[in-house]
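K.L.:
Below: one structure in C-alpha coordinates.
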Amino acid sequence: MNRLRYLTAGESHGPSLTAIIEGMPANLELNEGDINRDLARRQLGYGRGGRMLIEKDKVNFTSGVRWGKTLGSPITLSIQNRDWENWGKKMSPVAEDFVEGMAITHPRPGHADLTGVIKYRQDDARNILERSSARETAARVAVGALCKKFLADLGMSVLGYVSELGGVCADASLEDYHERFALSEESPCRTFDAEAEQRMIKAIDRAKEDGDSLGGVVEVAVLGAPVGLGSYVQWDRRLDGRLAYAMMSIQAFKGVEIGLGFEAGRRPGSQVHDEIFHQGDEFVRKTNRAGGLEGGMTNGAPIIVRGAMKPIPTLYQPLQTVDFRTKDAFAAVVERSDVCAVPAAAVVAEAVVAIEMAQAMLEKFGGDAMEEVKQNLQAYGEYVQRF
(Lines of atoms letter the chains of each structure in order from A and count residues from 1; the text may use other names and numbers.)
(Lines give C-alpha, C1' and ligand atoms only; values in the text may rest on other atoms or scores of the structure.)
Protein backbone atom coordinates (compact mmCIF):
# COMPACT_ATOMS: atom_id res chain seq x y z
CA MET A 1 0.00 0.00 0.00
CA ASN A 2 1.54 3.30 -1.10
CA ARG A 3 1.36 6.09 1.45
CA LEU A 4 1.40 9.82 0.75
CA ARG A 5 2.61 11.99 3.59
CA TYR A 6 3.74 15.56 4.00
CA LEU A 7 5.03 18.10 6.48
CA THR A 8 4.99 21.89 6.39
CA ALA A 9 7.37 24.27 8.15
CA GLY A 10 7.84 28.00 8.49
CA GLU A 11 6.58 31.01 10.40
CA SER A 12 4.19 33.69 9.16
CA HIS A 13 6.91 36.36 9.03
CA GLY A 14 9.90 34.05 8.61
CA PRO A 15 11.98 33.78 5.43
CA SER A 16 9.81 31.13 3.77
CA LEU A 17 7.28 28.34 4.03
CA THR A 18 8.36 24.83 3.12
CA ALA A 19 6.54 21.58 2.41
CA ILE A 20 8.00 18.12 1.85
CA ILE A 21 5.80 15.50 0.16
CA GLU A 22 6.73 11.82 0.07
CA GLY A 23 4.92 9.12 -1.88
CA MET A 24 3.97 10.91 -5.10
CA PRO A 25 4.61 8.53 -8.02
CA ALA A 26 7.20 9.23 -10.67
CA ASN A 27 6.34 10.66 -14.09
CA LEU A 28 3.54 13.02 -13.06
CA GLU A 29 3.87 16.02 -15.37
CA LEU A 30 4.25 19.08 -13.16
CA ASN A 31 5.33 22.69 -13.43
CA GLU A 32 5.37 25.68 -11.13
CA GLY A 33 2.30 27.13 -12.82
CA ASP A 34 0.23 24.19 -11.57
CA ILE A 35 1.02 25.28 -8.01
CA ASN A 36 1.13 29.06 -8.47
CA ARG A 37 -2.37 29.11 -9.90
CA ASP A 38 -3.86 27.95 -6.60
CA LEU A 39 -1.51 30.09 -4.52
CA ALA A 40 -2.85 33.12 -6.38
CA ARG A 41 -6.46 31.98 -5.87
CA ARG A 42 -5.83 31.72 -2.12
CA GLN A 43 -4.78 35.38 -2.00
CA LEU A 44 -7.97 36.65 -3.64
CA GLY A 45 -11.32 37.43 -2.09
CA TYR A 46 -13.33 40.38 -0.87
CA GLY A 47 -12.39 41.26 2.70
CA ARG A 48 -8.72 40.28 2.61
CA GLY A 49 -6.18 42.41 4.51
CA GLY A 50 -3.04 44.35 3.64
CA ARG A 51 -0.74 41.33 3.79
CA MET A 52 -2.09 40.21 0.42
CA LEU A 53 -0.76 43.43 -1.13
CA ILE A 54 2.73 42.42 0.00
CA GLU A 55 2.87 38.69 -0.66
CA LYS A 56 2.70 37.41 -4.23
CA ASP A 57 3.21 33.75 -3.53
CA LYS A 58 5.29 31.72 -5.97
CA VAL A 59 6.54 28.18 -5.47
CA ASN A 60 10.05 26.91 -6.03
CA PHE A 61 10.78 23.19 -6.47
CA THR A 62 14.00 22.27 -4.67
CA SER A 63 13.76 18.48 -4.98
CA GLY A 64 11.76 15.69 -6.54
CA VAL A 65 11.03 17.28 -9.94
CA ARG A 66 13.22 17.23 -13.04
CA TRP A 67 12.43 18.52 -16.50
CA GLY A 68 8.73 18.86 -15.76
CA LYS A 69 8.14 15.44 -14.21
CA THR A 70 8.16 14.03 -10.69
CA LEU A 71 10.95 11.59 -9.88
CA GLY A 72 9.23 9.46 -7.24
CA SER A 73 11.55 10.89 -4.58
CA PRO A 74 10.46 13.42 -1.91
CA ILE A 75 9.27 16.70 -3.41
CA THR A 76 10.24 19.92 -1.62
CA LEU A 77 8.20 23.06 -2.22
CA SER A 78 9.38 26.46 -1.00
CA ILE A 79 7.39 29.71 -0.88
CA GLN A 80 9.28 32.89 -0.04
CA ASN A 81 7.76 35.41 2.37
CA ARG A 82 8.37 38.83 0.82
CA ASP A 83 7.40 40.47 4.11
CA TRP A 84 10.53 38.91 5.64
CA GLU A 85 12.39 42.02 4.50
CA ASN A 86 10.51 43.96 7.17
CA TRP A 87 10.89 41.31 9.87
CA GLY A 88 14.51 40.19 9.62
CA LYS A 89 15.49 41.44 13.10
CA LYS A 90 12.18 40.65 14.80
CA MET A 91 12.23 37.04 13.58
CA SER A 92 15.98 36.47 13.51
CA PRO A 93 17.26 33.03 14.64
CA VAL A 94 20.43 34.71 15.98
CA ALA A 95 20.50 35.33 19.74
CA GLU A 96 22.49 38.56 19.36
CA ASP A 97 19.60 40.12 17.40
CA PHE A 98 17.29 40.04 20.44
CA VAL A 99 15.46 43.35 20.96
CA GLU A 100 14.13 44.24 24.42
CA GLY A 101 10.53 45.36 24.83
CA MET A 102 9.01 43.67 21.77
CA ALA A 103 7.21 40.81 23.54
CA ILE A 104 3.48 40.42 22.93
CA THR A 105 1.87 39.76 26.30
CA HIS A 106 -1.78 40.57 25.55
CA PRO A 107 -3.20 37.33 24.06
CA ARG A 108 -6.02 37.63 21.54
CA PRO A 109 -9.31 35.85 22.36
CA GLY A 110 -10.02 33.10 19.86
CA HIS A 111 -6.36 32.60 18.95
CA ALA A 112 -3.75 30.08 20.08
CA ASP A 113 -1.86 32.84 21.94
CA LEU A 114 -2.63 32.19 25.62
CA THR A 115 -2.85 28.40 25.50
CA GLY A 116 0.32 28.31 23.40
CA VAL A 117 2.46 30.39 25.76
CA ILE A 118 1.32 28.22 28.67
CA LYS A 119 1.91 24.92 26.83
CA TYR A 120 5.32 25.83 25.37
CA ARG A 121 6.47 27.91 28.37
CA GLN A 122 7.00 31.11 26.39
CA ASP A 123 7.00 34.73 27.53
CA ASP A 124 6.16 36.21 24.12
CA ALA A 125 2.99 35.32 22.19
CA ARG A 126 4.88 36.13 18.97
CA ASN A 127 6.50 32.71 19.35
CA ILE A 128 3.03 31.14 19.17
CA LEU A 129 1.12 33.25 16.69
CA GLU A 130 3.80 33.04 14.00
CA ARG A 131 3.26 29.31 13.47
CA SER A 132 -0.42 29.12 14.41
CA SER A 133 -1.19 31.81 11.80
CA ALA A 134 -3.27 30.86 8.76
CA ARG A 135 -0.26 31.93 6.68
CA GLU A 136 0.71 28.25 7.06
CA THR A 137 -2.14 27.33 4.74
CA ALA A 138 -0.17 28.65 1.77
CA ALA A 139 2.08 25.60 2.13
CA ARG A 140 -0.91 23.26 2.31
CA VAL A 141 -2.46 24.89 -0.74
CA ALA A 142 0.78 24.15 -2.59
CA VAL A 143 0.66 20.49 -1.51
CA GLY A 144 -3.02 20.35 -2.43
CA ALA A 145 -2.36 21.80 -5.88
CA LEU A 146 0.16 19.02 -6.49
CA CYS A 147 -2.43 16.45 -5.38
CA LYS A 148 -5.10 18.05 -7.58
CA LYS A 149 -2.78 17.63 -10.56
CA PHE A 150 -2.32 13.96 -9.66
CA LEU A 151 -6.09 13.47 -9.32
CA ALA A 152 -6.81 15.31 -12.57
CA ASP A 153 -4.54 12.87 -14.39
CA LEU A 154 -6.81 10.12 -13.04
CA GLY A 155 -10.02 11.84 -14.13
CA MET A 156 -11.01 13.53 -10.87
CA SER A 157 -11.88 17.15 -10.02
CA VAL A 158 -11.86 18.92 -6.64
CA LEU A 159 -13.96 22.11 -6.66
CA GLY A 160 -14.33 24.57 -3.79
CA TYR A 161 -16.60 27.58 -3.37
CA VAL A 162 -18.48 29.61 -0.74
CA SER A 163 -22.04 28.58 0.12
CA GLU A 164 -22.59 31.02 2.99
CA LEU A 165 -20.87 34.17 4.25
CA GLY A 166 -21.82 36.39 7.15
CA GLY A 167 -25.23 34.75 7.40
CA VAL A 168 -25.97 35.23 3.68
CA CYS A 169 -26.67 31.90 1.94
CA ALA A 170 -26.17 31.17 -1.75
CA ASP A 171 -29.14 29.66 -3.59
CA ALA A 172 -28.41 25.92 -3.69
CA SER A 173 -30.85 25.21 -6.53
CA LEU A 174 -27.97 25.20 -9.04
CA GLU A 175 -27.02 21.51 -9.02
CA ASP A 176 -24.25 21.46 -11.65
CA TYR A 177 -21.02 21.52 -9.61
CA HIS A 178 -18.83 22.49 -12.55
CA GLU A 179 -21.10 25.47 -13.19
CA ARG A 180 -21.07 26.40 -9.50
CA PHE A 181 -17.28 26.37 -9.59
CA ALA A 182 -17.02 28.34 -12.84
CA LEU A 183 -19.32 31.07 -11.53
CA SER A 184 -17.55 31.22 -8.18
CA GLU A 185 -14.18 31.71 -9.88
CA GLU A 186 -15.49 35.00 -11.28
CA SER A 187 -16.89 36.16 -7.93
CA PRO A 188 -14.98 38.32 -5.41
CA CYS A 189 -16.73 36.31 -2.68
CA ARG A 190 -16.04 33.01 -4.49
CA THR A 191 -19.75 32.19 -4.63
CA PHE A 192 -21.99 31.07 -7.48
CA ASP A 193 -25.05 33.18 -6.63
CA ALA A 194 -24.76 36.75 -7.98
CA GLU A 195 -27.60 38.11 -5.85
CA ALA A 196 -26.17 36.61 -2.67
CA GLU A 197 -22.74 37.93 -3.64
CA GLN A 198 -23.95 41.53 -3.45
CA ARG A 199 -25.41 40.96 0.02
CA MET A 200 -22.17 39.28 1.11
CA ILE A 201 -20.16 42.30 -0.04
CA LYS A 202 -22.44 44.64 1.91
CA ALA A 203 -22.07 42.47 5.01
CA ILE A 204 -18.27 42.58 4.72
CA ASP A 205 -18.32 46.36 4.28
CA ARG A 206 -20.47 46.75 7.40
CA ALA A 207 -18.17 44.52 9.42
CA LYS A 208 -15.14 46.52 8.29
CA GLU A 209 -16.80 49.79 9.34
CA ASP A 210 -17.59 48.25 12.73
CA GLY A 211 -14.06 46.90 13.25
CA ASP A 212 -15.54 43.40 13.21
CA SER A 213 -15.03 40.20 11.19
CA LEU A 214 -17.19 37.59 9.44
CA GLY A 215 -17.16 33.83 8.96
CA GLY A 216 -19.07 31.50 6.68
CA VAL A 217 -19.38 28.06 5.12
CA VAL A 218 -17.38 26.61 2.23
CA GLU A 219 -18.29 23.57 0.18
CA VAL A 220 -15.99 21.19 -1.69
CA ALA A 221 -17.25 18.81 -4.38
CA VAL A 222 -15.11 15.88 -5.55
CA LEU A 223 -16.17 14.56 -8.94
CA GLY A 224 -15.03 11.38 -10.67
CA ALA A 225 -13.99 9.36 -7.61
CA PRO A 226 -14.30 5.60 -8.19
CA VAL A 227 -16.37 3.32 -5.97
CA GLY A 228 -14.54 1.84 -2.99
CA LEU A 229 -12.00 4.39 -1.77
CA GLY A 230 -11.57 4.23 1.99
CA SER A 231 -12.69 1.32 4.15
CA TYR A 232 -15.00 0.31 6.98
CA VAL A 233 -12.62 -2.27 8.51
CA GLN A 234 -10.95 0.16 10.95
CA TRP A 235 -12.08 3.51 12.29
CA ASP A 236 -9.05 5.40 11.00
CA ARG A 237 -9.48 4.12 7.44
CA ARG A 238 -12.98 5.57 7.02
CA LEU A 239 -12.65 8.22 4.34
CA ASP A 240 -15.44 10.40 5.72
CA GLY A 241 -13.58 10.58 9.04
CA ARG A 242 -10.34 11.45 7.31
CA LEU A 243 -11.96 14.20 5.25
CA ALA A 244 -13.58 15.63 8.37
CA TYR A 245 -10.21 15.54 10.17
CA ALA A 246 -8.55 17.35 7.27
CA MET A 247 -11.22 20.05 7.12
CA MET A 248 -11.19 20.60 10.88
CA SER A 249 -7.41 21.01 10.77
CA ILE A 250 -7.81 24.28 8.85
CA GLN A 251 -7.29 27.30 11.07
CA ALA A 252 -10.61 28.78 12.32
CA PHE A 253 -12.77 25.85 11.11
CA LYS A 254 -15.28 24.81 13.76
CA GLY A 255 -17.63 22.38 12.02
CA VAL A 256 -17.82 19.88 9.15
CA GLU A 257 -20.72 18.28 7.28
CA ILE A 258 -20.82 15.57 4.61
CA GLY A 259 -23.91 15.30 2.43
CA LEU A 260 -26.97 16.24 4.45
CA GLY A 261 -24.77 16.56 7.51
CA PHE A 262 -26.64 17.75 10.60
CA GLU A 263 -29.88 17.90 8.63
CA ALA A 264 -29.81 14.08 8.56
CA GLY A 265 -30.39 14.13 12.31
CA ARG A 266 -33.61 16.10 11.84
CA ARG A 267 -35.25 13.90 9.20
CA PRO A 268 -36.83 10.43 9.26
CA GLY A 269 -34.82 7.66 7.63
CA SER A 270 -37.04 7.58 4.55
CA GLN A 271 -35.86 11.12 3.77
CA VAL A 272 -32.18 10.48 4.46
CA HIS A 273 -31.01 7.30 2.73
CA ASP A 274 -30.36 7.14 -1.02
CA GLU A 275 -32.29 4.36 -2.77
CA ILE A 276 -30.30 2.09 -5.10
CA PHE A 277 -31.30 1.32 -8.69
CA HIS A 278 -29.69 -0.60 -11.56
CA GLN A 279 -29.66 1.09 -14.94
CA GLY A 280 -27.80 -0.22 -17.95
CA ASP A 281 -24.62 -1.73 -16.56
CA GLU A 282 -24.30 0.28 -13.34
CA PHE A 283 -25.79 0.85 -9.92
CA VAL A 284 -27.15 4.37 -9.45
CA ARG A 285 -28.71 6.55 -6.77
CA LYS A 286 -31.17 9.25 -7.78
CA THR A 287 -30.33 11.32 -4.70
CA ASN A 288 -27.02 12.05 -2.98
CA ARG A 289 -27.96 12.77 0.60
CA ALA A 290 -25.00 10.69 1.78
CA GLY A 291 -22.61 13.07 0.03
CA GLY A 292 -20.89 10.29 -1.90
CA LEU A 293 -19.78 8.31 1.16
CA GLU A 294 -21.38 5.25 2.75
CA GLY A 295 -19.74 3.04 5.36
CA GLY A 296 -16.59 5.15 5.19
CA MET A 297 -16.20 4.44 1.46
CA THR A 298 -16.90 6.30 -1.76
CA ASN A 299 -20.05 5.07 -3.53
CA GLY A 300 -19.42 6.66 -6.92
CA ALA A 301 -21.55 9.76 -6.39
CA PRO A 302 -20.03 13.25 -6.01
CA ILE A 303 -18.39 13.72 -2.62
CA ILE A 304 -19.79 16.81 -0.91
CA VAL A 305 -18.00 18.22 2.14
CA ARG A 306 -18.78 21.50 3.89
CA GLY A 307 -16.79 23.34 6.53
CA ALA A 308 -17.81 26.20 8.81
CA MET A 309 -15.23 28.92 9.40
CA LYS A 310 -15.61 31.17 12.42
CA PRO A 311 -14.98 34.93 12.07
CA ILE A 312 -11.30 35.81 12.25
CA PRO A 313 -10.57 36.58 15.93
CA THR A 314 -8.22 39.51 15.28
CA LEU A 315 -10.54 42.53 15.50
CA TYR A 316 -9.84 46.20 14.86
CA GLN A 317 -12.19 46.88 17.76
CA PRO A 318 -10.25 44.56 20.09
CA LEU A 319 -11.91 42.29 22.62
CA GLN A 320 -11.03 42.25 26.30
CA THR A 321 -7.99 40.29 27.47
CA VAL A 322 -5.33 40.39 30.20
CA ASP A 323 -1.57 40.79 30.26
CA PHE A 324 -0.33 37.29 31.08
CA ARG A 325 2.64 38.71 32.99
CA THR A 326 0.93 41.34 35.15
CA LYS A 327 -2.64 39.92 34.99
CA ASP A 328 -3.92 43.48 34.35
CA ALA A 329 -6.84 44.03 31.97
CA PHE A 330 -6.05 45.22 28.44
CA ALA A 331 -7.51 45.31 24.96
CA ALA A 332 -6.19 42.49 22.79
CA VAL A 333 -3.24 43.24 20.50
CA VAL A 334 -4.20 44.11 16.92
CA GLU A 335 -2.20 42.11 14.35
CA ARG A 336 -2.67 42.93 10.66
CA SER A 337 -5.56 40.75 9.56
CA ASP A 338 -8.52 40.21 7.24
CA VAL A 339 -12.13 41.21 7.78
CA CYS A 340 -13.23 38.01 6.05
CA ALA A 341 -11.12 35.14 4.69
CA VAL A 342 -13.94 32.76 3.77
CA PRO A 343 -13.30 33.02 -0.02
CA ALA A 344 -9.66 32.07 0.57
CA ALA A 345 -10.73 29.29 2.93
CA ALA A 346 -12.57 27.62 0.04
CA VAL A 347 -9.22 27.22 -1.74
CA VAL A 348 -7.60 25.83 1.41
CA ALA A 349 -10.50 23.40 1.85
CA GLU A 350 -10.02 22.26 -1.75
CA ALA A 351 -6.38 21.58 -0.95
CA VAL A 352 -6.86 19.49 2.18
CA VAL A 353 -9.64 17.46 0.54
CA ALA A 354 -7.42 16.86 -2.50
CA ILE A 355 -4.60 15.62 -0.26
CA GLU A 356 -6.88 13.07 1.42
CA MET A 357 -8.33 11.95 -1.91
CA ALA A 358 -4.86 11.52 -3.39
CA GLN A 359 -3.88 9.45 -0.36
CA ALA A 360 -6.98 7.27 -0.78
CA MET A 361 -6.28 6.77 -4.49
CA LEU A 362 -2.70 5.73 -3.80
CA GLU A 363 -3.81 3.29 -1.11
CA LYS A 364 -6.14 1.63 -3.61
CA PHE A 365 -4.22 1.93 -6.87
CA GLY A 366 -0.70 2.84 -5.80
CA GLY A 367 2.38 2.30 -7.91
CA ASP A 368 5.88 3.68 -8.20
CA ALA A 369 5.07 5.51 -11.44
CA MET A 370 1.96 7.13 -12.88
CA GLU A 371 1.78 4.50 -15.62
CA GLU A 372 1.38 1.78 -12.98
CA VAL A 373 -1.27 3.75 -11.07
CA LYS A 374 -3.28 4.26 -14.26
CA GLN A 375 -3.04 0.57 -15.16
CA ASN A 376 -4.32 -0.41 -11.72
CA LEU A 377 -7.18 2.08 -11.92
CA GLN A 378 -8.17 0.90 -15.41
CA ALA A 379 -8.20 -2.76 -14.35
CA TYR A 380 -10.36 -1.94 -11.34
CA GLY A 381 -12.74 0.11 -13.48
CA GLU A 382 -13.19 -2.83 -15.85
CA TYR A 383 -13.97 -5.10 -12.89
CA VAL A 384 -16.58 -2.64 -11.55
CA GLN A 385 -18.28 -2.51 -14.96
CA ARG A 386 -18.52 -6.31 -15.03
CA PHE A 387 -19.94 -6.56 -11.49
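Each Cβ is built from the backbone N, Cα and C atoms, and glycine gets one as well.
What Swiss-Prot lists as NADP(+) binding site is R42, R48. Here Swiss-Prot flags R131, S132, S133, Q251, A252, G295, K310, P311, I312, P313, T314, R336 as FMN binding site.
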K.L.:
Once near-sequence residues are set aside, which residues in the chain of R131 (FMN binding site), 6 or more away, have Cβ atoms under 8 Å from its Cβ?
P.N.:
E11, S12
K.L.:
Listing them in sequence order, which of the binding-site residues A252, K310, I312, T314 have their Cα within 10 Å of that of R48 (NADP(+) binding site)?
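P.N.:
Cα within 10 Å of R48 (NADP(+) binding site): none.
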K.L.:
Could you give the Cα-Cα distance between R42 (NADP(+) binding site) and I312 (FMN binding site), in whole Å?
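P.N.:
Taking the Cα atoms only, R42 (NADP(+) binding site) lies 16 Å from I312 (FMN binding site).
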K.L.:
Which one of the binding-site residues (S133, T314) has its C-beta surrounded by the most other C-beta atoms within 10 angstroms?
P.N.:
T314
K.L.:
Around I312 (FMN binding site), how many other C-beta atoms are within 10 angstroms of its C-beta?
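P.N.:
I312 (FMN binding site) is surrounded by 23 other Cβ atoms within 10 Å.
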K.L.:
Can you see whether DSSP assigns R131 (FMN binding site) to helix, strand or coil?
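P.N.:
SS state of R131 (FMN binding site) = helix.
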K.L.:
Cβ neighbours within 10 Å, counted over all protein chains: which one of the binding-site residues R42, R48, K310 has the most?
P.N.:
R42
K.L.:
Once near-sequence residues are set aside, which residues in the chain of A252 (FMN binding site), 6 or more away, have Cβ atoms under 8 Å from its Cβ?
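P.N.:
In sequence order, A134, G215, M309, K310, I312, P313, A341, A345 meet the Cβ cut-off.
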